[in-house]
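Undergrad: First the structure, which I've put down as structure tokens, then a few questions once you've had a look.
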Amino acid sequence: MLTDKKSSPTWSSLLPSETSQYFVFGNWKMNKTFSEAQTFLKDFVSCEILSNPKIITGIIPPFTLLSSCQQIIKNTPIRLGAQTLHEVDSGAFTGEISAPMLKDIGVDFVLIGHSERRHIFHEQNHSLAEKLLAAIRNGIVPVLCIGETLEEQEAGATQDILLEQLTVGLSRLPEHAPFILAYEPVWAIGTGKVANPDLVQEIHAFCRNVVKDLISKDAAERTPILYGGSVKADNTRALTLCPDVNGLLVGGASLSVESFLAIIQQIAVS
């Protein structure tokens, strides 16, 4: 079992070498055909801003595009992510994709428990803990996604929900294994509503304290926490000013080269 950050070159090359580095991951969800992805990346990879050492840029295409996207970005600073995986490494699980398959084609990181996986496909915290372990076992950095629904927020249950998601989701995490968190309030995803930056900072600080209590102070300090939920260029700067926001998980705005670059440019000048 992989338990040491130094044991995997994927981990050391993806995670920040300095605390000032900032993540921006574009989640394409179930969008783009092969030809559309090729057109996007041929325009995108030539952009000079992607060489900014303070920004770690990643794309998260559908499974069908991972290999072809990797061929285009393999000699660039862009990192490759997957949208989910199965918790078992191989077997009779028709339609599923395993961590060894993803690792073999050059995937650097994988989303675990995106809100659409939780709420549309009914993925539960315990199974997500197993998925996180599968990623770690195969040298892929897991991005554990957490967040509350509108009903839970209005009931004042946000912290209780996040505490449960973190406690169970990280329960199988090996000592010293690296991971990333992504806070994505369900009520802000694809709705055009973005959480108030002060609220985002408060929640990210809460999550960091939970990691400190569950694992260690060192883990809390080195774990990047991203924000996701209707991220666009016009709200990026305010989010980057939050001290506990270490990056952004971008959805719809990552489907266009122009809008994705506009976000990256806002990060660069922040």
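Using N, Cα and C of the backbone, Cβ positions are placed for all residues, glycine too.
Pulled these features from Swiss-Prot for this protein:
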| type | residues | note |
| --- | --- | --- |
| BINDING | Asn27, Trp28, Lys29, Gly190, Ser230, Gly251, Gly252 | substrate binding site |
| ACT_SITE | His114 | active site, electrophile |
| ACT_SITE | Glu184 | active site, proton acceptor |
Undergrad: Sort out for me which one of Asn27, Ser230 has the most neighbouring CB atoms within 10 A, since those are the binding-site residues we care about.
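TA: Result of the Cβ crowding comparison: Asn27.
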Undergrad: Roughly how many Å lie between the Cα atoms of Lys29 (substrate binding site) and His114 (active site, electrophile), rounded to a whole value?
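TA: Spelling it out, the Cα of Lys29 (substrate binding site) and the Cα of His114 (active site, electrophile) are 10 Å apart.
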Undergrad: Around His114 (active site, electrophile), which of the listed recorded positions (Trp28, Glu184, Gly252) come within 10 Å, judging by Cα atoms?
TA: Glu184
Undergrad: Do you know offhand how many angstrom separate Asn27 (substrate binding site) and the residue listed as 'active site, proton acceptor' by C-alpha?
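TA: Their Cα atoms are separated by 13 Å.
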Undergrad: Please classify the secondary structure at Gly252 (substrate binding site) using three-state DSSP.
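TA: SS state of Gly252 (substrate binding site) = helix.
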Undergrad: List the residues of the same chain that sit at least 6 positions away from Trp28 (substrate binding site) in sequence and have their Cβ under 8 Å from its Cβ, in sequence order, or write 'none'.
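TA: Within the chain, Trp28 (substrate binding site) has Cβ neighbours under 8 Å at Ala37, Ile59, Ile60, Pro61, Pro62, Leu65, Ser254, Leu255.
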